[in-house]
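Asks: Before I ask anything, let me first share the structure, which is written out below as structure tokens.
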Amino acid sequence: MGKMQGLAPSGVAVSTALDHQQQLQQQQLQQQQQQLQQPVVGYWLSDKKRKKLNFHVFAELCRSHGIQLVKIDLQRDLEQQGPFQVILHKLTDLLLEADQGNATSTNLVQRFQSYVDSHPETMLLDPLHAVRKLLDRCRSYDLIQELEICRLERAISTPAFVRLNTSDPEEMLELMRERHVTFPFVCKNIVAHGSASHEMAIVFGEAGLRDIRPPCVAQSFINHDGVLHKVFVIGDTFHVVERPSLKNFPAGKSDQKTIFFNSHDVSKAESASHLNARDESQTAEQRQQLSPQVVRRLVEGLRETLEMSLFGIDIIVDRESGHHAVIDINAFPGYDGVADFFPALLMHVQGLLQAHKPSDGVLTNQRLQTPNGQLEPPTTGELIQHHQAQPQQLQQAAACRDQDSASAAGLSALQLPRLSLPSRPHGRCGCTASRSSWPVENGGGSGASHLVPTKRRVHSVSVSPAAAADIGMVCHRVSLVGKGSNGR
Ligand SMILES: Nc1ncnc2c1ncn2[C@@H]1O[C@H](COP(=O)(O)OP(=O)(O)OP(=O)(O)O)[C@@H](O)[C@H]1O
Ligand SMILES: O=P(O)(O)O[C@H]1[C@H](O)[C@H](O)[C@H](OP(=O)(O)O)[C@@H](OP(=O)(O)O)[C@@H]1O
């Protein structure tokens, strides 16, 4: 052994130092081995979205449940960053840039897709081909119309719409007539995602046709008493959050001037523009109610059709007929108002990892291979985890999501017993068409819900506790005025 620097006369100090160094190396080796055993979830979100979601809290929650959450650098070789069991992403902006011809974005999308193609064991939330369906509004609306619950049962639909590619008012009127689009109508961008997509207009008559710039979508305006229902889907669960929305307008043609607005000014929890005047002439009981059964069927239908597990559906209810209308579908929305988003997201990821875990119980990068080398599809009755969290634990998660330094330890004690469900996850995104059996706490009042204190606005959700519990729908209340119950 070479001369030891700093050899103390006793030699004890040095041997202690050696022991200490060996212990450190042993610990590092054990940590590396543990990490090698831990599943790795990669993610890519824009900096803005990552900060808005406080995604570092989700990373902490994953870490406390033995899952490594790794931020993917699209500029570097993904092979050097993986292997990933699951990848979470919102690449909509990149996809849009690539589709609009941006060479750099095209290259990044191609590299990402080729990684995914060469790693069938990696579950993508959500598959790029599925997300692309939601980038074009008309395509989204067509997709809604093709759902069985719309086509056959007419329980829900999307308001009459037409793609306007011409700036000739007469041609516009003809196209509107063909598709039964009526005045007033909402004029929206064809592109459904990205900051530019939220600029809109309400057109009240033929004179207003000169105010819009095709290509765009004209969609009949539905009076809905200024209440928007945001349905946030996370794997096998969905959460309904009420939001302010556009006020009612007189039906039919008028010479009212075109109103221009940004959707983020009228449908956020804190929106309080002159366009948001809520019709207070009706009591909550008189107001048209959201049907939990219709929502559940819609969610199931969209999960099947989209093959996605992280999306949002915007629903308004016609104040006259009570008919439900889907006006928007979003990939990986903001989940604002869903206090237990992170626990639900973790549960979904854990369910995917569990459903694809090799029989020896050790998570490796290798997947079960059938003799012909195909991936073993998850079997029926695959386990998913039923979240038995008590509201206060979910509140902790909510607090975690809103506080930078909060620990998610309160959730680490969560026992996630397993339930089998008669459903089969989709191939790659892992979502299933089954309904969740999410416990619904009777929050009193007209709506059953975890009273989720948020920064603002509470509407009592107009869903009966029994109905909501029946379908496992989580209804969130958001405070009407001022602060939620915890003063936030
Ligand atoms: N057909 C309609 N009838 C009545 N109001 C509508 C209609 N379409 C949209 N709105 C109103 O305009 C708002 C924005 O519409 P939409 O959800 O299509 O925009 P968006 O920018 O895609 O929204 P998001 O913020 O969810 O991305 C809705 O929240 C609702 O208040
Ligand atoms: O209040 P929500 O969660 O509905 O707001 C979403 C919005 O619905 C869209 O999903 C936005 O995505 P884009 O359409 O791509 O702009 C979300 O923006 P993001 O930056 O969070 O993705 C809003 O949060």
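Cβ atoms here come from the backbone N, Cα and C positions, even for glycine.
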Asks: Please identify the range among 271-290, 431-450 that TrEMBL labels region 'Disordered'.
Replies: 271-290
Asks: Tell me the residue counts in helix, strand and coil for the region 'Disordered' (271-290), as DSSP assigns them.
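Replies: Counts, helix then strand then coil: 3 helix, 0 strand, 17 coil.
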Asks: Mean pLDDT over the domain 'ATP-grasp' (150-363): what is the value?
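Replies: Average per-residue pLDDT within the domain 'ATP-grasp' (150-363): 93.
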